[in-house]
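The following features are taken from TrEMBL:
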- 11-175: domain 'Helicase ATP-binding' (DOMAIN)
- Cys240, Cys243, Cys280, Cys283: Zn(2+) 1 binding site (BINDING)
- Cys249, Cys252, Cys266, Cys269: Zn(2+) 2 binding site (BINDING)
- 275-429: domain 'Helicase C-terminal' (DOMAIN)
Amino acid sequence: MQLTPEQEKALDLIRQKQFVLIHGVTGSGKTEIYLRAAQEVCAAGRQVIVLVPEISLTPQTVQRFAERFKIAALHSALTPKERRINRQKILRGEVQLAVGARSALFAPFPNLGLIIIDEEQDSSYKQDNNPRYHAVAAALQRAQFCGARVVLGTATPALETYHLFQNPPDDKYGYIYLPRRVENRPLPPVEIVDMRAELQNGNFSVLSARLQRELRACLDSGGKAMLLMNRRGFATFVSCRACGYTLECPRCSVALVYHSDGQAKCHYCGRAEKIPEQICPQCGRPYLKYFGAGTQKAEAELRKYFGDARILRMDSDTTTQRGAHEKILQEFLAADRAVLLGTQMIAKGHDFSAVTLVGIIAADALLNLPDFRSAEQTFQLLTQAAGRAGRGSQAGRVIVQTYQPEHYAVQAASRHDAPGFYAQELVVRRELNYPPFSRLTAIVFAAADEAQARKMAEHYARKYAPQALGPAPCIIRKLKGYYRWQILLKDTEINYADFPAEASVKIEIDVDPLNMY
Ligand SMILES: [Zn+2]
Ligand SMILES: [Zn+2]
């Protein structure tokens, strides 16, 4: 296969710089660049580690490496014996390349030459229990020690990674942007549907008239569709269906979360306000509504209107059993006309050439997460989901449903304008002093008795004032019988000795948290 001039440029950069970020649109041929870089390293007698977010979701990527290298695939479904055998092969250098999720980073190769991290922004690269580490930071360190190279690849880098490679500490860092797909395939047009207008037109369905029409056309022409549902349904935000207004904390600029006591609360600083009775403070109309889970409704409507097609659902409920992912994906591949409805896991990596329509049912469910990263995560998810459309010879189309069509994350994603989005988001982060311009530390206090958890959180909020935000209840306020409260610290060194291992209150400290608690 002939490389494009842009792929050649990226490969050259990898030869020159120790750490390279390949920021390439979906379909720009990043995997082929990884393969060539790995070949050069292996030819020099050194070994390669390839990290992918979830190995069960990326069988095609693994397959492409297996075709050209002697590989060891490291995944959680291996038996202890299989694990031992793999480890010995790696130690003796009998395999050239190990591919796996986060922990594959520690594969004990004798002469490691290259670490490749695909989809480097993926949250699965951060380990959320002890020892807490982020695979990207750990990879840069391991590479420093053994003189290996690191290649990070993604269509949507984490803002911290983007900022680091735009403002590198030394000349070991290289950045390249690949704005075009290979073989001159067009990026799919992204159409924004304003859900406020749907309401005005009397359509109360979760599927807009436009999306229904496109689904019908797609299925009738023998195509396949993917529909994305929101991923974290437990955070219930308050928003107006008529004008798109969303209740937000004026201090922290994150969405307020609705609580059953009738108050909307900020999960960063704890500020609480009474919710006006259904009346929207912005437009004065009675369409203020609580949004949260409820996308099961989408499945029911799909079955009602598109009963002639195979409707498949993929989320954490339908994939608890081993091999469930593969089974659903195979059914989707084999079906004649099919719709795959799922959470963000369907946006990752799949290369289905038959998918010609991608629909985002509720972009707002992401935009209104009570998290300062909500705009970044929305942009990433919309971009990745759009990337699933039109990868084959047939062109694709993307429909994004939202109550906030003018939001810059939605606008930038619809124009495939990553540089524009990152520039604007960095301005917002700098203004509010959020990462990458500050370091956050989350401290969670959990106890069976809520008053105890809260009291302890208050104690530490006072101790670390004025850098502490909170205390505030966690988004998941009660988990496994424990009530959870948290404080957030900006740019504060923690002295771990200040936190006694007290029996009645469990304390968790997370430096640079990726998801809010
Ligand atoms: Zn706040
Ligand atoms: Zn309104």
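Quick reminder: no glycine exception, Cβ is built from N, Cα and C everywhere.
Note that the structure is a prediction, hence the values are computed from the model and not measured.
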For the recorded Zn(2+) 1 site, whose residues are Cys240, Cys243, Cys280, Cys283, find every other residue on that chain with a C-beta no more than 8 angstroms from the centre of their C-beta atoms, and list them by sequence position.
Arg241, Ala242, Gly244, Tyr245, Pro281, Gln282, Gly284, Arg285, Tyr287, Leu288
Need the DSSP three-state call for Cys240 (Zn(2+) 1 binding site) to compare against my parser.
strand
Hey, what's the Cβ neighbour count for Cys266 (Zn(2+) 2 binding site) at 10 Å?
24
So which binding-site residues are near Cys240 (Zn(2+) 1 binding site), with CA atoms within 10 Å, out of Cys249, Cys252, Cys266, Cys269?
none
Which one is it: of the binding-site residues Cys243, Cys280, Cys283, whose Cα lies the shortest distance from the Cα of Cys249 (Zn(2+) 2 binding site)?
Cys280
So of Cys240, Cys252, Cys269, Cys280, Cys283, which of the binding-site residues has the fewest other Cβ atoms within 10 Å around its own Cβ?
Cys283
Relative to the Cα of Cys269 (Zn(2+) 2 binding site), which of the binding-site residues Cys243, Cys280, Cys283 has the closest Cα?
Cys280
When you average the Cβ positions of Cys249, Cys252, Cys266, Cys269 for the Zn(2+) 2 site, which other residues in that chain have a Cβ within 8 Å of that mean position?
Pro250, Arg251, Ser253, Val254, Leu256, His267, Tyr268, Gly270, Arg271, Leu469, Ala472
Cys266 (Zn(2+) 2 binding site) and Cys243 (Zn(2+) 1 binding site), distance between Cα atoms, whole Å:
22
